[in-house]
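As given in TrEMBL:
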type	residues	note
DNA_BIND	B:14-53	DNA-binding region
BINDING	B:88, B:89, B:90, B:91, B:92, B:93	NAD(+) binding site
DOMAIN	B:77-178	domain 'CoA-binding'
DNA sequence: TAGATTGTTAATCGATTAACAATC
DNA sequence: TAGATTGTTAATCGATTAACAATC
């Protein structure tokens, strides 16, 4: 299979979301043209994107919603369980832990870790808050696939480095820093402040053009 | 000024972050070449990006770190105050409210809103939690620039629509849905679950290639 | 069979990289 | 002045859109 471009991968979850809604509305089939109208993209792009992964549709018919939904789900790895731990049990960490749909999509929040003694031992809806000091033993013992980093950048960098040495292969990074490891370590960044700056850029841009 | 591409705008906050770090390390000047090594991009791209906004550098010298930092800050609209309210005072809403650096960067969290009677009246570090029922009066009275939507997609869509009618022009949307208004309304999306799916896509991809 | 719509190739568009003249 | 490095034009690369033959 050819290397799939980053742009295509970014669009897959959005297709998945729209197909889920259609599925819930009991829509059985949809053409690239109809879907393109719904999603505000070109039909051509939808067909190109999907054909990166092989033919999911049928000439003259379109795409079967449930089938396409399932296939994209498999591409996104949502057909298998993913064990995740959360490092940093502040508001953001707990927000992620408590997001109900994750469980439905095959994510298991195995534990949260924090250094704050007031939080350690506390039970949340999804897993107990454990002492950050025990995290390395924990990941060596349990089969942790994803580590969400919801703590300040200094400790995030340091702890992530040690976790890589313990065998962790994938990070969901909310710390305001770039983590760079070797190529086989996957890092997906969510930089909230940068998202907000994109917003204020657009506000400024609009205000400037009015003057 | 020509229309700046989305890709360039996405990179601006990252430049800003690196320049901030250099500035804090008292680095006075930097060349596009040095910065490119630090950031893992090409020097050519840095020069192209910056020249969208005019010449910030000097031949033979490079860029003055503090000056470039300030200029990019202005482009990002960080030289002016932004009044923001948060709709949905759950963990995610509170995480955003409590993120300390926002205040330093000119963001003022004026209030949080929720429908949950247990939360209403509660004081957080940045503003009190108010009754969602009062939000429309609030935005009409106060000069709210940005509304962060940290609540489920159903109410998010409904409330955002009404807020637009009250004059709100910019949304920071964490709900798992696309908001579509007219072109003069700015919507910046943070779809956390889609970010996580990109991560699991890459995990699956890696596992598949091993087989 | 005729109509619809995909899968796929070709054309276009835009973004990134390379090259170099301008200039500090 | 010589060296360094920008600003900017040109070349390349990749992504999106258009077109259409294949086929259900």
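Every residue, even glycine, has its Cβ placed from backbone N, Cα and C.
Bear in mind that TrEMBL entries carry predicted annotations, made automatically and left uncurated.
TrEMBL feature annotations superimposed on the structure.
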residue: B:88; record: NAD(+) binding site; Cβ within 10 Å: 26
residue: B:89; record: NAD(+) binding site; Cβ within 10 Å: 26
residue: B:90; record: NAD(+) binding site; Cβ within 10 Å: 20
residue: B:91; record: NAD(+) binding site; Cβ within 10 Å: 20
residue: B:92; record: NAD(+) binding site; Cβ within 10 Å: 24
residue: B:93; record: NAD(+) binding site; Cβ within 10 Å: 26
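DSSP classifies residue B:93 (NAD(+) binding site) as helix under the three-state reduction.
Helix, strand and coil counts under DSSP for the domain 'CoA-binding' (B:77-178) come to 35 helix, 29 strand, 38 coil. In sequence order, B:90 are the binding-site residues among B:88, B:89, B:90 whose C-beta falls under 8 Å from a C-beta of chain A.
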